[in-house]
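Structure record follows, encoded as structure tokens.
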Ligand SMILES: O=P(O)(O)OC[C@H]1O[C@H](OP(=O)(O)OP(=O)(O)O)[C@H](O)[C@@H]1O
Ligand SMILES: O=c1cc[nH]c(=O)[nH]1
Ligand SMILES: [Mg+2]
């Protein structure tokens with residue numbers, strides 16, 4: 001299984017808080033944003049840098065800036081929206097696209113209902129966000145769609161994953177790097193991650 005599990009103590013601590021059934025929507029959203037920001041710091045480690053001249057109040061100096069690659073953040077609606085602001089705080093220059101998918105509760109297959117993407121996907125580092133990677137059907141379908149529109153350099157960032165979801169994405173998209181805050185044990189008979197945190201979209205937006 002090819003997946004990067006973020007073991008930073010602050011991430012692990014916040015994942016425990018966000019799993020708690022007593023955590024309400026306001027705290028859930030705040031924790032998700034904080035975890036995303038911490039994960040974003042880790043997953044952008046390999047962004048290329050270039051030298052740039054900077055005029056300080058005293059002298060000219062050589063500093064570093066992110067080179068070449070433009071960035072794209074693509075949340076899978078709805079729940080992926082909860083991970084956008086944390087990434088935008090780190091990378092305000094990123095463009096944000098949206099892929100709307102919901103998982104049919106009977107078949108567990110993804111159903112597409114919306115798509116709005118930056119036009120130049122091919123030249124961007126794309127970070128797909130979705131808190132939950134369960135069967136992997138939604139993430140895999142979203143990545144297929146992005147590749148059809150030209151995306152080549154894709155990272156998938158999730159809060160909690162089931163082994164089945166990681167394996168699906170590994171198999172269908174071996175080039176995509178997967179980052180999770182927790183790799184859980186299994187899925188239940190309704191396709192929910194165990195121990196998981198329930199329905200992420202409902203917990204973010206307060207629906208049932
Ligand atoms: O890996 P999978 O088995 O495809 O399941 C994961 C998907 O299910 C959830 O979305 P949901 O269908 O609940 O939509 P929502 O975000 O609008 O709540 C979740 O946010 C993922 O997109
Ligand atoms: O556990 C799960 C599985 C799919 N979608 C969720 O929001 N949670
Ligand atoms: Mg949901």
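Just so you know, the numbers here start at 1 and follow the chain as drawn.
Cβ atoms are placed via backbone N, Cα and C, with glycine included.
Whatever TrEMBL says is automated annotation, not expert-curated.
The 5-phospho-alpha-D-ribose 1-diphosphate site recorded in TrEMBL includes 78, 130, 131, 132, 133, 134, 135, 136, 137, 138, 199, and the single candidate from 45, 103, 177 that the record places there is 103. Secondary structure at residue 193 (uracil binding site), as computed by DSSP, is strand.
Around residue 132 (5-phospho-alpha-D-ribose 1-diphosphate binding site), taking its Cβ as the centre, 26 other Cβ atoms fall within 10 Å, counting all chains. Around residue 130 (5-phospho-alpha-D-ribose 1-diphosphate binding site), taking its Cβ as the centre, 29 other Cβ atoms fall within 10 Å, counting all chains. Of 193, 198, 199, 200, all annotated as binding-site residues, the residue with the shortest Cα distance to residue 130 (5-phospho-alpha-D-ribose 1-diphosphate binding site) is 200. Contacts of residue 199 (uracil binding site) defined by a Cβ separation under 8 A and a same-chain sequence distance of 6+ are given as 192, in order along the sequence.
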